[in-house]
């Protein structure tokens, strides 16, 4: 029976992995981890409540018949247990803890690209707080326990909307895709994790100055666009000394809802066709729908973000990036060459 569970565990795990990989479903790892945890849990229960009691009874009978205490080697020959299945069942407590922590508390995340430099660098390993905005189920991302709402300036990890994955620089194409998707599907969620900073939330009007590359946000009221007595936040910028890590970029301190550094490429120019168009709004202006968020990367001219593909539904948000626990000295798509010890255990601002 134990060997049968072992075969079932391997077969189901492999089959589910192939199916999820084929359909490119969101939360693939969470689904697979849940299944493996459940199967190992069944195997653990079978060992704990069926196999071991039966073995103890057989050993007791054998000792009673022989009139002596059996050695461990002699006991092992009575009702032998498959080492493979015993090992897999022993993984259940570990898998259960990993599943619970990763699903509801914290999840590790690695920075694969430079879209958030210089705040986050390629090779940084982060801890993402998954209960900062409430507790969600790990499969469908439905809220189980409500928490605080994401705020402007928060650095968040989220499931990229489908239109963000279209390999094009034309915002109009992505907008058309997003509209068609909205008509055919309730959810707009891919299996790809992005990390960006929230610039605007529901009701906010975000204005990006294409020439100066500066931001202005007209705050909404309770998720709705403001009509009168509106509060407007014009972000302030001061230039920093040249950062040796980014000698070809201009590093600025941006003072908005939070104060942090951004990188600008002086020679990057934008075309109106690049931006995500919104009906009734001028180019490079967006009115954030209620329950959604406008996000941008801190590496402003090397970030594929809401300016080009639109908004992030609240349901897509995985959690809040809180701190860097380790950092490797590396570039994108290259092997690491060392450690950035000065970045270990630093808070993300």
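The count begins at 1 with the first shown residue.
Even glycines carry a Cβ here, placed using N, Cα and C.
Database features, via Swiss-Prot:
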TRANSMEM  3-23  transmembrane segment
TRANSMEM  25-45  transmembrane segment
TOPO_DOM  46-80  topological domain 'Cytoplasmic'
TRANSMEM  81-101  transmembrane segment
TOPO_DOM  102-349  topological domain 'Periplasmic'
ACT_SITE  115  active site
ACT_SITE  196  active site
To the nearest Å, how far is the Cα of residue 196 (active site) from the Cα of residue 115 (active site)?
8
Sort the residues of the topological domain 'Cytoplasmic' (46-80) into helix, strand and coil with DSSP and give the three counts.
26 helix, 0 strand, 9 coil
Close in space, distant in sequence - residue 115 (active site), Cβ under 8 Å, 6 or more apart:
195, 196, 297, 298, 299, 302, 303, 304, 305
Mean pLDDT for the topological domain 'Cytoplasmic' (46-80), rounded to an integer?
77
Kindly assign residue 115 (active site) to one of the three DSSP-derived states: helix, strand or coil.
coil
What's the number of neighbouring CB atoms sitting within 10 A of the CB on residue 196 (active site)?
25
